[in-house]
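According to TrEMBL, the protein carries these features:
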| type | residues | note |
| --- | --- | --- |
| REGION | 1-23 | region 'Disordered' |
| TRANSMEM | 37-58 | transmembrane segment |
| TRANSMEM | 92-114 | transmembrane segment |
| TRANSMEM | 148-168 | transmembrane segment |
| TRANSMEM | 180-201 | transmembrane segment |
| TRANSMEM | 302-320 | transmembrane segment |
| TRANSMEM | 332-351 | transmembrane segment |
| TRANSMEM | 415-440 | transmembrane segment |
């Protein structure tokens, strides 16, 4: 019943927009109402092949020393059959299932049961109960921001175990890497399926649901905008940040421990990967309240794209550099190591400074200074589904005057530094920069399509003032 009502509302909004001759529509704020053939083909491709891609990368390291071509050559030449590769793949074990269950349960406990205390003694940190952005239906959700605290508690316990308690080996993640992959897939599919069922039968906010009538698109991109259980358990915030990103640094530490166990040392390349990616993870949690204003929370609905992606894709493919260095330890020369470090830190500075400028501009309503001057901006407005008119400002000063997504440029520089730390013998560790380049370029286009629909002619004025997306003078 709720699904049919939302479809009727969608058709009514579409008819009204045609009558009014308006291209910009509040009905297009958020993901699409309709599915074109290219989007459907892309969705089907990802649903079928994304899990296989993850398996292929991890299997290549476990069975072929991280070569991406050798498995294909073996299959094409008949040296091996798919069954040979599959039979050598570790299966799900009770041990891995127990580890994963305890891990997720512990993160749920930290998320739900311990209110944030870090904001009480860390200057500049914003935690505790915070408000998110206005949803398409005009709702404003509240969130319990305590990710930094969860990260700190988790890592204190990890180092306490490694140094004193010795309940488990620091290599436990690497030693169970493929069995844990099956656990992550089970959770990813389970939460995505539950979110879809919930969207149809008991949504948190029916006005923030979207139904295209296409099962695959709705499953992939999600129906509910902000699915929740109870008042505080928000699916998007939890799965975007926990358990995957908290685990990111633990996974790298486990890889470093395995390198130490196998070779008697931890190489400078492994240290660089741990440090640079650790900075990125800590930055995410330090600015978790700011994350409430990003495209993931403000635009994306919660479906397989986020549910499975955060459980499987993120922890398994974002950590390929550390995994590669277990199989191929690389000791960089001083100049190479310093170059990687400088690139990574410069990329982080641009990423953080750009986001800080936007955050300062938003918090002060433009009453601030960017690079010593009062910022320039474009006045704009938009309408939510309930008809409420909102006003906003789009900054055209600082890094945001150089390019419309210059924060992504810094992110790409950091991503490249992780890959360069692994040397040049294999392409596998460079998957990350290739993927991030595609992801962030696509995100630019998605974000701009959303903004064009949301702001209409005001967005055209903004793009005229800031004509480039990522690289000034180029793109």
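Just so you know, the numbers here start at 1 and follow the chain as drawn.
Each Cβ is built from the backbone N, Cα and C atoms, and glycine gets one as well.
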Note = Between the transmembrane segment (415-440) and the stretches 37-58, 180-201, 302-320, 332-351, the largest tally of CB pairs under 8 Å belongs to 332-351
Request  = Give the one range among 37-58, 92-114, 180-201, 302-320 whose Cβ atoms make the most pairs under 8 Å with those of the transmembrane segment (148-168).
outcome  = 92-114
Query = Who are the long-range neighbours of the transmembrane segment (180-201) in its own chain, taking Cβ under 8 Å and residues 6 or more past its ends?
reply = 2-3, 51, 54-55, 58, 91-92, 96-97, 99-101, 104, 173, 209, 218-219, 222-224, 227, 235, 239, 302-304, 307-312, 315-316
Request  = Could you pull out which residues elsewhere in the chain have a CB under 8 Å from any CB of the transmembrane segment (302-320), counting only those six or more residues past its ends?
outcome  = 46-47, 50-51, 53-54, 57-58, 181, 184-185, 187-189, 191-192, 195-196, 218-227, 235-236, 239-240, 243-245, 247-248, 251-252, 255, 277, 296, 428-429, 431-432, 435
